[in-house]
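Participant: The structure is given below, and queries will be raised subsequently.
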């Protein structure tokens, strides 16, 4: 890890705490993704090994520390904040953090607070999420087949997730379904998954699998370029490119036959680096400037070194100055090691 070597005594004036974040390529950083835990109640085959060794709980930032870090980024121009994991809703007392961040929306300092979830805890938390100011969530769901769902999640129960989605919709949350497109696993189901989602007023976003972390399977066996998936869909559906954006990497098409939107996230075949507006913070206070690179900044040390937010802001600025132009993801038989050693559950997607 490349830790910012900055003398605390040379911290800039308080003006640095509100200076906007612009990387070396002129891209404004306005989107923060925060992995609040690396733990999850599922073990999805493309995300983590079945017998994961998780971070010791003593290494995690407290919820109060995560709140302070998030507030520092909001002060520096972040307008959208997404909580991820692992599974964010399994973190003990997570609603404290969500409620505190919701106050930033009330104050006009944050435009959107959202989260990505596997749906297993939504029946319990959906109504409270709305009360805290969350209006939109992403739910990861790769198949509607109970047996395949158990196979890919290893531990998950499809019924529980579907009940959670129903609870979210009933509470008034806008739900988007995220599905990783996997060759010879769920690719034949994508049309039906799309009809199901659109029929319930939900967008569907397809995602290419990414080479992150050691897992128990060879990713090349299931890698499916979304350019190929789109061609298959166009045999039965009329897909019209849209300018619609949500602030993330998805490119959207309108599906005329269903009246819904289909998003495509293509880090492998058509990366989204040129418009990247985001950085990722882990539950240990590590800031990754790029999903597909290993360079990182240690914000935990800066956070705990002083109560002076000007020093923390300077460490953040130093990290943003190292944000790379793009990633180097490759999936093929010659590159069977992951491009990035850390698991997606650590980085938060």
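The backbone N, Cα and C atoms fix where each Cβ goes, glycine too.
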Participant: Swiss-Prot has 33, 82, 176, 278, 279, 280 down as binding GTP; which of 116, 117, 238 does it also list for that site?
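Facilitator: The record-listed residue among the candidates is 116.
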Participant: With 273, 276 listed by Swiss-Prot as binding [4Fe-4S] cluster 2, identify the candidate in 132, 290 belonging to that site.
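Facilitator: For the [4Fe-4S] cluster 2 site that includes 273, 276, Swiss-Prot also lists 290.
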Participant: Quick one: pull the CA-CA distance for residue 40 ([4Fe-4S] cluster 1 binding site) versus residue 86 (S-adenosyl-L-methionine binding site), whole Å only.
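Facilitator: Given the Cα positions, residue 40 ([4Fe-4S] cluster 1 binding site) is 5 Å from residue 86 (S-adenosyl-L-methionine binding site).
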Participant: List the binding-site residues among 46, 47, 140, 290 whose C-alpha is within 10 Å of the C-alpha of residue 278 (GTP binding site), in sequence order, or say none.
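Facilitator: So far as Cα distances go, the binding-site residues lying within 10 Å of residue 278 (GTP binding site) are 290.
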Participant: Looking at the binding-site residues listed here (82, 86, 279), whose Cα lies nearest to that of residue 273 ([4Fe-4S] cluster 2 binding site)?
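Facilitator: For residue 273 ([4Fe-4S] cluster 2 binding site), the spatially nearest of the binding-site residues is 279.
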